[in-house]
Amino acid sequence: MLILRGAPALSAFRHGKLLEQLTQHVPAVTGLYAEFAHFADVTGALTADEEQVLARLLKYGPSVPVQEPSGRLFLVVPRFGTISPWSSKASDIARNCGLAKIDRLERGIAYYVQGELSESDAQQVAARLHDRMTQLVLDRLEGAAELFSHAQPRPLTAVDVLGGGRAALEKANVELGLALAEDEIDYLLKSFGELGRNPHDVELMMFAQANSEHCRHKIFNASWDIDGQAQDKSLFGMIKNTYEMNREGVLSAYKDNAAVIVGHVAGRFFPDPQTREYAASREPVQILMKVETHNHPTAIAPFPGASTGSGGEIRDEGATGRGAKPKAGLTGFTVSNLQIPGFEQPWEVPYGKPERIVTALDIMVEGPLGGAAFNNEFGRPALTGYFRTFEQKIATPHGEEVRGYHKPIMLAGGMGNIRDEHVQKGEISVGAKLIVLGGPAMLIGLGGGAASSMATGASSADLDFASVQRDNPEMERRCQEVIDRCWQLGERNPISFIHDVGAGGLSNALPELINDGGRGGRFELRAVPNDEPGMSPLEIWCNESQERYVLSVDAADFETFKAICERERCPFAVVGEAIEQRQLTVADSHFDNKPVDMPLEVLLGKAPRMHRAVTREAELGDDFDAAGLELQESVERVLRHPAVASKSFLITIGDRTITGLVARDQMVGPWQVPVADCAVTATSFDVYTGEAMAMGERTPLALLDAPASGRMAIGETVTNLAAARVGKLSDIKLSANWMAAAGHPGEDARLYDTVKAVGMELCPELGITIPVGKDSMSMKTRWQDNGEDKSVTSPVSLIVTGFAPVADVRQSLTPQLRLDKGETDLILIDLGRGKNRLGGSILAQVHGKLGRAVPDVDDAEDLKAFFAVIQGLNADGHILAYHDRSDGGLITSVLEMAFAGHCGVELNLDALADSREELAAVLFSEELGAVIQVREGATPEVLAQFSAAGLDDCVAVIGQPVNGYEINLNYNGETVYSAQRRILQRIWSETSYQIQRLRDNADCAEQEFDALLDEDNPGLSIKLSYDVNDDIAAPYIKKGVRPKVAILREQGVNGQVEMAAAFDRAGFAAIDVHMSDILAGRVDLDAFKGLVACGGFSYGDVLGAGEGWAKSILFNARARDGFQAFFARKDSFALGVCNGCQMMSNLHELIPGTEFWPHFVRNRSEQFEARVAMVQVQESSSIFLQGMAGSRLPIAIAHGEGHAEFESEEALLEADLSGCVSLRFVDNHGKVTEAYPANPNGSPRGITGLSSRDGRVTIMMPHPERVFRAVQNSWRPDDWQEDGGWLRMFRNARVWVD
């Protein structure tokens, strides 16, 4: 084994943070230094050249001075017997660089901790430095040699039920954490008695997973008695009622990994499977929809819990039908009180938590990063979500209880697209090859399905921790590329049947695959790809290693499938074959036995149906009188409540422009304020139709009136989706995610009544269908605190997500108030008809109360009429701004509109209140409704339309937006409240700032927070030196010649499709080229005029951003020669964007005239930054930017490592003086800046784009390919038509070629 020292592992900021954490828990720690340590398992001595290549490979990341370490060594390495994702990718790169003697590379972090540490101190330090699920701590570097030793496989064990009977099974139930119910134990005893043999541990674990509440939804399929009355429908039956009442527009419901609804016809853009040239295929583009929860893992380990939650939901979408494509995501969190140190709020009363779970604050610091990181690396924009905190001590008939979310809700969902012919699964033929696609088996996530079905606290802490999975999004991206190549073959798609691997691992996925396909299966355990050879059969078969799919491919199609996998470098293995007989057999060639051999009927058949006998309990609540509250204090408290406050910290970490199909994200207007009501995507690049999604949830109401909370969740989803041009209300389809603490007094009945209110009453009345959903029935946390029993129980929680096809994405309404449209009015539409009920409101919560009467959907006809009128007014162009009323009430809706419009507001409340005592209820009640801005001249017509729809009593003109900074509320001729907008916006933003300060570079967080004080900030703006509508490439396109441009990608790249679309629009033939094509000699760059390296996460960025990709070119003779020859040609051009920019900056030795180019390293904020930033085009040599110099315009930014690090001050000066700096960040005032967030990565002198001296090669961190259409821009001027400002760049390249 070779040991190679690496660069320092922590930036100054991260170092300071970790040292602070360590000293807080172990005061004896006085200092810390950390560096990477690399270990190479070699088959022979390396030559001097090979040593040099290896040394260069392992030199990556920012240039930080290396120290001579001192202190006690804590070497954190992957667990022995495992292969980390870093190792597999780095080893791939080494092989591609010709280092054949390197069997494997692995990496650890060597922490040198200074201080007089006792053994107990050392144990505490070690615990805080590693993830015990995937890592261990050594005290010497040489100990890492054990990383490369291979453990012997552990054997199978049997449970002696024939001899030991029920007691043996009960013992196994506890030891293995199976969570089997009494009747399931009876069932297993009977089944194995009939088989005449003892069950193996693997069979019991498999049964427990497949039949867990998590997988089987026993409560939703149960029979019910409530108060002694038999109920005639199951919960699931009542949900299905919505489909039975209205099937229109639903293509697949309740039977696949996601539901499918009807979309629009468009030109679906992808490469031709034969020629590899991108083109549009005109066809129906159907919409798939799915929302999952990952609550249990997120409570234990928030980053991997939320990350794998998003990853699992993405796999659900990809594994729908015969293969589909995920498109846009959403994330939601509900947690208990945050209690941010130094920022504790008056309503937050500390209650404690069990050791096994993390705090609500930890969840909100780490969890969103996990969800965002997976979406970012996979390449899916995260476009909407929600965040709520709730934790309150309340009086009940059984005494005081704490209700809240110590077991959090972590929601991951999204939508995608699927071809019409692939909506339904195909047939599994006898003899079909059964395949595992994706990553290897690892000993992680064991028993996750069963664990998430228990109340937190009912299992041991070790089992809890073992049930959390770990993530590798780059692997999932490779799998998706394989699935994409398959569905793009149309009728020749080799996939006949596909499922994702989730809860229960292969033990759930493979039986489900063959069972759903009407077959049995014969499997070989040792064929399963396995990175931990020491695992037992149970561990191989049941672990929940992520990024895997199971599928069936007919023998005749196997070579096609194999070739696709090899080109995409995606691991796969044939693990079995389909058989006629409905038997499940798993053979183990190592031990020459059969760990599993049972009829599918025993595993998935007639397990006993659950019966619930429950009673209703009195509704809860307390008296809450808002009349006497001080208005200013109430406004400030409400604005600081996380459900109301800015969600910016959740949003800027997630890429919102990837795909180039995003028409409406969370950030609104020139000031990019996070207040959008819904997310909207375009169907494709050639149409204005699209898809919308939005969420609704009002969970605290369930403590007072559970059915009302369900109705309000649906109502809020409708009022949010009303902002999109949907058409008719019945076009909306819902996903319903149900959470409850089953078994807690009164909760089962509340759940039943809520499902009934939604499924049997409101949805049928609205004509809305719920074709998909999920349930989590163990929302309770129990623990002991110094001998005292404690528990936190969540309310019945329905989270609703609505999806709908959109007629015109350009007509998506936003809350941004407009001052450039003449005199205007604000109109309130109050669907509560003046009731202004405050029960369960944020106002009540911030004063430590619940209240009693809650908002409700009193009349479905009102909601239907509201939706129809808003859609009509939008179609007619009457609505300038729209915002629904929700958490925080009317005052919050109006303030958020003012924040987005950067203006003041004059409100007149005379029409809304009969007395001053009623003002608090008017301002803070959360009844359904909306505020719209219309031109003053259109107000009579708008009011008349509402009146004609029967909503006369619901509408009132309540004020006007005004120039300036003042928010004034007037009643009976006097001003009852006045405040400056910027002060209120800072209060609204402070919760987000406080979390950002803890999580990211605190200096950057402070700069962004202070930027809100700039009243004169003009926002985003456009100043062009060219005509955006002038198609300078048109004369060349008319010649019919389409020069070829290689759209180059490496494994992990995810931005190729929109890049191809931009070049295609400019008149190029865009060709899909994978690095594997070049390394194998299938493609020669001589055939191309242009080469574009696209954005993404090549090799998961394991050897530095873009560096592994670059080095696989530099140190591979064939690739190096090909690229060097291409760059030397005077008729060639190249572009590198984001990851492609990072990669090309490392190829400067091959690209003439680029010796001064920088290296791109971690952003100064230490965070992935996804923003719309202003850039100025410089006078430069770049062929792409000719005629654009002096232009200032917004552009999409999405990167974690975009800081330009020059080799020296001289190199920076050389770049500046050479005329090769092509783009710089500027602030909204137009000045070049290094200040955050206008310069999101902190690059010196705002530099974010450069070119070679002759201008043929340009690199840039921003993404022009995502905003070449006007409609792709988060904000755009009203006079832009089809073309966006950045299309000129691609047209310039087309002109240059001729």
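Cβ coordinates come from backbone N, Cα and C, glycine included.
Annotation source Swiss-Prot lists active site, nucleophile at C1138. C1138 (active site, nucleophile) falls outside any helix or strand according to DSSP and counts as coil. Cβ neighbour count for C1138 (active site, nucleophile): 32 (other Cβ atoms within 10 Å of its Cβ, all protein chains included).
Among the features that Swiss-Prot reports, active site is placed at H1263 (among others). Take the CB of H1263 (active site) and look out to 10 A: across all protein chains shown you find 27 other CB atoms.
Residues annotated as active site in Swiss-Prot, with sequence analysis given as evidence: E1265 (among others). E1265 (active site) falls within a helix when secondary structure is assigned with DSSP.
Summarising the environment of G311 (ATP binding site), the number of other Cβ atoms within 10 Å of its Cβ, over all protein chains shown, is 30. Taken from Swiss-Prot, the feature ATP binding site applies to 305-316, 384-386, A676, S886, supported by sequence analysis.
The Mg(2+) binding site annotation in Swiss-Prot covers D677, E716, N720, D884. Neighbour count (other Cβ atoms within 10 Å of the Cβ, all protein chains): 27 for D677 (Mg(2+) binding site).
Over the domain 'Glutamine amidotransferase type-1' (1045-1298), the average per-residue pLDDT in this prediction is 97. Taken from Swiss-Prot, the feature domain 'Glutamine amidotransferase type-1' applies to 1045-1298, supported by sequence analysis.
Taken from Swiss-Prot, the feature region 'Disordered' applies to 298-328. Beyond the ends of the region 'Disordered' (298-328), by six or more residues, the same chain brings 131, 133, 252, 256-258, 260, 288, 290-292, 356-358, 362-363, 365-371, 373-375, 378, 380-383, 406-408, 410-419, 422-426, 445, 456, 464-465, 467-471, 473, 476, 479-480, 483-484, 486-487, 493, 495-502, 546-547, 549, 659, 661-662, 679, 681, 691, 693, 781 to within a C-beta distance below 8 angstroms of the stretch.
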List of residues, in chain order, with Cβ under 8 A from that of N720 (Mg(2+) binding site) and at least 6 apart: D677, C678, A694, M695, G696, G802, D884
Residue distribution over DSSP helix, strand and coil in the region 'Disordered' (298-328): 20 helix, 4 strand, 7 coil
Cβ neighbours of E716 (Mg(2+) binding site) where a neighbour is any other Cβ within 10 Å: 27
Sparsest Cβ surroundings (other CB atoms within 10 Å) among the binding-site residues T308, T384: T384
Length of the line joining the Cα atoms of T384 (ATP binding site) and E1265 (active site), in Å: 22
Among D884, E1265, the most crowded of the recorded positions [Cβ within 10 Å]: E1265
DSSP three-state assignment for N720 (Mg(2+) binding site): helix
For A676 (ATP binding site), the number of other Cβ atoms found within 10 Å of its own Cβ: 27
Neighbour tally for I314 (ATP binding site), based on other Cβ positions within 10 Å of its Cβ: 29
For D677 (Mg(2+) binding site), the three-state class that DSSP assigns: coil
Per DSSP, three-state class assigned to D884 (Mg(2+) binding site): strand
Rounded inter-Cα distance in Å - G305 (ATP binding site), C1138 (active site, nucleophile): 28
